[in-house]
Amino acid sequence: MSTRRRPAAAATGATPSQPPPADAAAAPGEPAELVLRPPNLGVAAAAVVLFLAPFSYLAFVHYPLDADLRGSILKCGAMSLGGFFIVLKLIPVAARYHLRRRMFGYDINKKGLPTGEIKVPEALGLVVGIVYLVTAIIFQQFHYAEDSIWLVEYNAALASVCFMILLGFVDDVLDIPWRVKLALPTIAALPLLMAYAGGTSIIIPKPLTPYVGLTVLELGLFYKIFMLLLAVFCTNSINIHAGINGLEVGQTVVISAAVLIHNVMRTGSSTDIETQQAHEFSIYLVLPFLTTSLALLAFNWYPSIVFVGDTYTYFAGMALAVVGILGHFSETLLLFFLPQVLNFLCSVPQLFHFVPCPRHRLPRFDPQTGLLTGTKDGNLVNIFLRLFGKCSEKALCIRLLIFQALCCVFCFWLRYMLTGWYK
């Protein structure tokens, strides 16, 4: 979900007007037109260094990884950086096409300001999704070309992600009702469920073993149902934890960076070959996702000049779900999603219409001060404003992303403390 309101002309069927050139100057007294260049490229570049530096240190310095594995990570990293620059190049091109097709909105959190009247192109997550898929598909030629077992699951994961991108874009175009949106990830997850050939058993936590009488519990079909529910939750939880510039992309960048670090730590510390291969598999899927998302952040960080749309939030949720499922760390993934879990729990009364739910559960913007004030809506965006006071949109996004990062750090600490005792 983006902070947007759809143009009235789109609803009435008015003839779309051609957007002005990207570099066109605004007439006196009129709002400035959209400049289709990445205004926050420095933010994205700094984030690339911030998130990839710990991963690179762990993969190439701290852990004695196999030379072939390091070579594959380097190949994947090089292709992922290529995807970063391709996204930077293609988003302005795609944005112009979206404007011509009247796929734009207005930033609700800037209503009352000149910037609130600028047409902001929507659904630019489509570019990220396509570049990600192409990068991941080409990479498999260098690594999984002769490994039929992992290649099946790799392609199944990409099929589910591709399906979710398509359905997300359909939602952006047709504005599908909320109840129907819940079913979209169910459809997209089918290729993953049908191709999944991994184990369907879970290890019983050691403190519960005396009461259960088992160390391993076979779930069978119920495990696949859990996988389906995880995919549905991941996609929709990112979609509803949104509403301010940079939040949708920012939260997925933080989570994917945490996933990347977790994968290399497990790959370097585990002696089990299957565990190493599962986390290696996850690295190859999440690394291009992180870099292409960072390129989108250059356009979507405050002040955003593009909206990511449901295309991106669904794509991001499914991408993270498949790496967690096929990497066999779904419990850890849910801990990384702790803010999304809290946001969902706070949103339950409105989502299920126990209390009234507006179309956009956004904070109230004061054009005189430029600050946001929390409303009574039950989501983290408004809860943070009610707890910590009014602030600017950029400051609110930074607070929420810091909270996301702290939750990921808490997850690493919790895993460290429970190792050897819990499982």
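Keep in mind that glycine also has a Cβ here, set from the backbone N, Cα and C atoms.
Remember, predicted model here, so these are calculated numbers, not experimental data.
Features as listed in TrEMBL:
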- 1-29: region 'Disordered' (REGION)
- 40-61: transmembrane segment (TRANSMEM)
- 73-95: transmembrane segment (TRANSMEM)
- 123-139: transmembrane segment (TRANSMEM)
- 151-170: transmembrane segment (TRANSMEM)
- 182-204: transmembrane segment (TRANSMEM)
- 211-232: transmembrane segment (TRANSMEM)
- 281-302: transmembrane segment (TRANSMEM)
- 314-338: transmembrane segment (TRANSMEM)
- 396-418: transmembrane segment (TRANSMEM)
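With pairs at least 6 apart in sequence, the transmembrane segment (396-418) and the transmembrane segment (182-204) have fewer than 3 Cβ pairs within the 8 Å limit; the two do not touch. Among the recorded stretches 73-95, 123-139, 151-170, 211-232, 314-338, the one sharing the largest number of Cβ pairs closer than 8 Å with the transmembrane segment (396-418) is 314-338. Contact count against the transmembrane segment (123-139) (Cβ pairs under 8 Å) is highest for 73-95, out of 73-95, 151-170, 314-338. The largest share of C-beta pairs under 8 angstroms with the transmembrane segment (211-232) comes from 314-338, of the ranges 40-61, 73-95, 151-170, 314-338. Outside the transmembrane segment (314-338) by six or more residues, the chain places 125, 128-129, 132, 153, 157, 160-161, 164-165, 167-168, 171, 184-185, 188-189, 192, 196, 198-199, 226-227, 230-231, 233-239, 248-249, 252, 255-256, 258-259, 262-263, 266, 275, 278-279, 281-282, 285-286, 289, 293, 407-408, 410-411, 414-415 with a CB less than 8 A from a CB of the stretch.
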